[in-house]
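J.: One structure follows; several queries about it will come next.
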């Protein structure tokens, strides 16, 4: 930085002469201050018996902030006798030594012979006339021999940064830089953007209040203000309300080594290696300060978020109203399916590709199916309107009879099954069983969410108090603070999950109420039509969607390595509940209980936590996890293949002996056609997919273990859903307009959502500085980034996915259950 020489005013010159006379009267040699000139290089030597004092005087104009920079150099590398420099100002003292020593990792030291520091600038005075300032620079050493030095003092011309104007400069570990910025009158918030063409050396950007001393060295830059580490890019949002003086310093410090930014550390630092390493520690930087968004943008973003999802409510009301009008018209026309009570309505067409011509679905005809499943008498059946669960026992009398238990084994091992074979339990008992899913997930949500909220509040408090913005992995180029929250936009964008989850609960509640009313109005035997209506899992899915929004918002309060599981825990549960619901649709009597299902989810979440902790480099963890994954796939496949009738304790050789028997009987003895062809195809494909995941994890060991497990869940869910839809179409069942629309909407919205999901804006798998290289500006309303749009679209995609499961089998409402195939 070039400086200009300023002649000492008369008053200052007189003061200097008086000080020199006083020093001559009472001081030793070298105590006399020599008048200094800005921009002039002073060369000299000092030892234990000599000291040099320089006095620099300048005049400060009214309202002007003057900054002075001191450059010193010494060729000596003697660490025992460094040259000491002390700068005295009107309100402070700044000192350092040459060689300047920095300490790094593993007690490494880095020595610098060239040092330059910016002195704390004088505050502008309210006086209308110029004021005189004096700076004394003392040079001393305890060496018994002379040590040469150089001194240069300059006044900075470009000390104050301007809005929307880029400024380029250079810094190094021993030559930090800082500049002043004042808020314009109409700006309440600004964003400090710092870029560099080179990733290394690692640097730190700090924002500090106008207080002396300024902390501008590697060992003290974290003592005050807000700071970030940086490779190629950094961004800090600063609000006027945080600085009463409406101005602040922007400090730039280069670290002596790159470990904090993910770079390498030199193996040894000695002699020429030290000098070579230090010469490479110079970094060119560019800083631009731009105004942040105004308050009106916050209001627009909030209106946009809520109105976007309120449109789903409006659409749901329109659909419900149209459905009501159609029902009323049918009622007035006398077309309320009068033949349903006589059992004469049309049934679905059977599969023709895999059954003999003219036969129904499977090898067992309708009479045998009816014989195997006699309708209970009206005396044994509960009244249609009585759906209270408090008086229902946990197990029905039908299940506890030994002969019926044997009958269940016979029925479920038939080659071809109908829904009537797997919906034999009392409707009230099964309904109560599935309602446990709803009440349990509410309990889980409360106990899980409360400590999570407390923890993220603590994280945010730590960030605000310490100023360390390396704790949280935001997209700093699009992080809009509100109150104590550093990135309000990432939290607001999760409102869709909560609003659409609540809307789904309302839709399910409406269906539940209509179903109850229909049962009260119809004959008792009409309960044997369509898919059994159990809404407990649907209620649980709605709560899970709302909690995903809550926990995702909690995660984005301070996203980092430690709390990523908050964002994924209920994703596992959503995927698992969707698979359970899809299986329960045609297997209502043999689906997993809520306790075993949630226990399984707990195991998965525990594995996710262990994977986050140990999954980075520990091979033993991946070996154990892959074995668990493969064995669990085999065990689950066996249970599904035998329709839940296989118990480990019933086979003395255990589950794997049974799996071997399955392969032998179905693939060797009957290689042309397994006993359960459809199930066998699904399970083979499913095992191939899961074993591929296990091998991939074992070979590549992905660092993002939580997303790896989530990928396993999603792939299995998509595989099962595709199989279900294909089998439904093979059975000549129809897709009504609403489920068809939901399927198309789900596919389109998921495709768009995944596009934005893979636009990585940050990554806690890397260092904070490396993560900031991925930061990008906002793309929607100047407020939301790509990840926020992922939140919006994924909420809509999950909502449509739930509607697919809710409406997929609406075409079967007028079909007898002994005509609905099981697959």
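Every residue, even glycine, has its Cβ placed from backbone N, Cα and C.
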J.: For the feature transmembrane segment as recorded in TrEMBL, pick the matching range from 515-536, 537-558.
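T.: When 515-536, 537-558 are checked in TrEMBL, transmembrane segment belongs to 537-558.
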J.: Excluding the flanking five residues on each side, which residues at least 6 beyond the ends of the transmembrane segment (564-583) place their CB within less than 8 Å of a CB in that stretch?
T.: 437, 441, 448, 452, 456, 537-538, 540-541, 544-545, 547-548, 551-552, 554-556, 591-592, 597, 600-601, 604-605, 608-609, 612, 706-707, 709-710, 713-714, 716-717, 720-721, 724, 764, 798, 801-802, 805
J.: I'm a bit unsure how to read this: which one of 491-509, 537-558, 595-614, 738-758, 789-808 has the highest number of Cβ pairs shorter than 8 Å with the transmembrane segment (437-457)?
T.: 537-558
J.: Between the transmembrane segment (595-614) and the stretches 301-325, 537-558, 620-643, 680-699, 789-808, work out which stretch tops the count of Cβ pairs under 8 Å.
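T.: It is 620-643, which has the most Cβ pairs under 8 Å.
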J.: Quick test of the contact rule: Cβ under 8 Å, at least six residues beyond the ends. What residues does that give for the transmembrane segment (537-558)?
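T.: Distant contacts of the transmembrane segment (537-558): 434-435, 437-438, 440-442, 445, 448-449, 452-453, 456-457, 459-460, 463, 471-472, 485-487, 490-491, 494-498, 500-502, 504-505, 508, 564, 566-567, 569-571, 573-574, 577-578, 580-581, 584, 791, 795, 798-799, 802, 805-806.
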J.: Could you tell me what the rest of the chain brings near the transmembrane segment (789-808), counting residues at least six beyond its ends with Cβ under 8 Å?
T.: 305, 308-309, 312, 490, 493-494, 496-497, 499-501, 503-504, 507-508, 511, 538, 541-542, 545, 548-549, 552, 574, 578, 581-582, 585, 721, 724-725, 728, 735-736, 738-739, 742-743, 745-746, 749-750, 752-753, 756-757, 759, 779-780
